Amino acid sequence: MSQEKYIMAIDQGTTSSRAIIFNKKGEKVSSSQKEFTQIFPQAGWVEHNANEIWNSVQSVIAGAFIESGVKPNQIEAIGITNQRETTVVWDKKTGLPIYNAIVWQSRQTAPLAEQLKSQGYVEKFHEKTGLIIDAYFSATKVRWILDHVEGAQERAEKGELLFGTIDTWLVWKLTDGAAHVTDYSNAARTMLYNIKELKWDDEILEILNIPKAILPEVRSNSEIYGKTAPFHFYGGEVPISGMAGDQQAALFGQLAFEPGMVKNTYGTGSFIIMNTGEEMQLSENNLLTTIGYGINGKVYYALEGSIFIAGSAIQWLRDGLRMVENSPESEKYARDSHNNDEVYVVPAFTGLGAPYWNQNARGSVFGLTRGTSKEDFIKATLQSIAYQVRDIIDTMQMDTQTAIQVLKVDGGAAMNNFLMQFQADILGIDIARAKNLETTALGAAFLAGLSVGYWKDLDELKLLNETGELFEPSMNESRKEQLYKGWKKAVKATQVFAEVDD
């Protein structure tokens, strides 16, 4: 074992950081995970302490080495994947953040987003960035920090501050400030990057008054960005050579290299991405156009639908309502429910994502009767995840005029067999669950390994992550459509309830 080589993936997520060591077969050799604090300064605000994130990453790197006995000099390369859009602004000299990281879920910049919309910028931003104007993306978060931290705008203009999404922050820390870089997939989520021209957009920067000096350099998803400073990697100087936002990394880890391939990751939120090839395709139905990945001098675009609440709805059942002891238990309860699926939960806790984009909507429940049981409620919560996925798959098919035949799935909630079967039923297509559910980390490892020759090419990768289980639809058409119609009514009613009174 002494001289076998490995790839390390650092997967910095919304609630925890992980380091995973993979071997040449794409198998997990060891992993380490550490949760960190979620900060909620006000209703709807979500923040993280960027230093705590960095500490958690250092801790899991150590943990992965300890668990496996692998030495730092056996790591051929490091791949990074991260929660996207989450925004850090820090002091170039001290390396200290000037404010907490504002998390992708946070709605604290919603008034800024509304202001941009009312000023008539929707079309312009969509054409340039592929995104809709929303507090979800980094642009308004950067503006908010520069507005709310005393002297920040002035310091930014003087070039004393740096901005980055979490990938940028981690590379900057790991290289001890030698590299201030991001990749196509993360840059595409800032709402500051022109995805057609592949550059920071001067006009948008001017509209938001964000100084260009604070922005990182944008690079491809598979190349050497820098090397670890030995004192941050237990004596090792290892190339950091692959980087992608978590959802794009999962697309790559699912081996969705062909246009028309679609994957869904059931994480905290649920994110459905379709590879649309080298042509940028703007959605007419409120999906996001983004960059899937850029590799070997080519850029592959993607359509994406974001669902804000998926796995976190199960966490809510566990922590908020205390209906289940642990997440897997939700499957048992759902199977014990014998109602006729007339209960609908719309988990719009932080608004509705694609294709509705209603940031004022809040969670609601419909169809309760005196006979409704805890089991029925848990089942309806699981079903809400599948209904939201159907909303997006239907929209993708409209946008691209293609019939999606199979959905590749991964992420924590993809382990729930009840949910996967109901997903197949309500979509009427096959659900292919990856054998290796670590597709996000695997994608980052693949990108890193390719750029240093650890794996030769995409064909070699295709042998490494086959389908683990296939779920085929078994519900008849009229029942499927009747259930989905009920969901559409529930969403409509939720939006009516959220309307602002005159």
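Each residue, glycine too, has its Cβ placed from N, Cα and C.
What Swiss-Prot annotates here:
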type	residues	note
BINDING	T14, R18, T268, G311, G412, N416	ADP binding site
BINDING	T14, R84, E85, Y136, D246	sn-glycerol 3-phosphate binding site
BINDING	T14, T15, S16, T268, G311, Q315, G412	ATP binding site
BINDING	R84, E85, Y136, D246, Q247	glycerol binding site
MOD_RES	H232	phosphohistidine
Tell me which of the binding-site residues G311, G412 sits in the most Cβ-dense spot, judged by other Cβ atoms within 10 Å.
G311
Just checking the binding-site residues T14, R84, Y136, T268, G412: which sit within 10 A of Q247 (glycerol binding site), CA to CA?
R84
Can you tell me how spread out the glycerol site is, meaning the largest CA to CA distance among R84, E85, Y136, D246, Q247, in Å?
15
If one measures from the C-alpha of R18 (ADP binding site) to the C-alpha of R84 (sn-glycerol 3-phosphate binding site), what distance in angstrom results, rounded to a whole number?
15
Inter-residue Cα distance where the pair is R84 (sn-glycerol 3-phosphate binding site) and T14 (ADP binding site), in Å:
9
Counting Cβ atoms within 10 Å of each candidate's own Cβ, which of the recorded positions R18, R84, H232 comes out highest?
R84
What Cα-Cα separation, expressed in whole Å, is found between H232 (phosphohistidine) and Q315 (ATP binding site)?
34
How far apart, in angstrom, are the most distant Cα atoms among the ADP-binding residues T14, R18, T268, G311, G412, N416?
22
In whole Å, how far is T268 (ADP binding site) from S16 (ATP binding site) when you measure between their Cα atoms?
11
Measure from the CA atom of T15 (ATP binding site) to the CA atom of E85 (sn-glycerol 3-phosphate binding site) and give the result in Å, rounded to a whole number.
14
In sequence order, what residues of the same chain, 6+ apart, have a Cβ less than 8 Å from the Cβ of D246 (sn-glycerol 3-phosphate binding site)?
D11, G13, T81, N82, Q83, R84, T265, G267, F271, T440
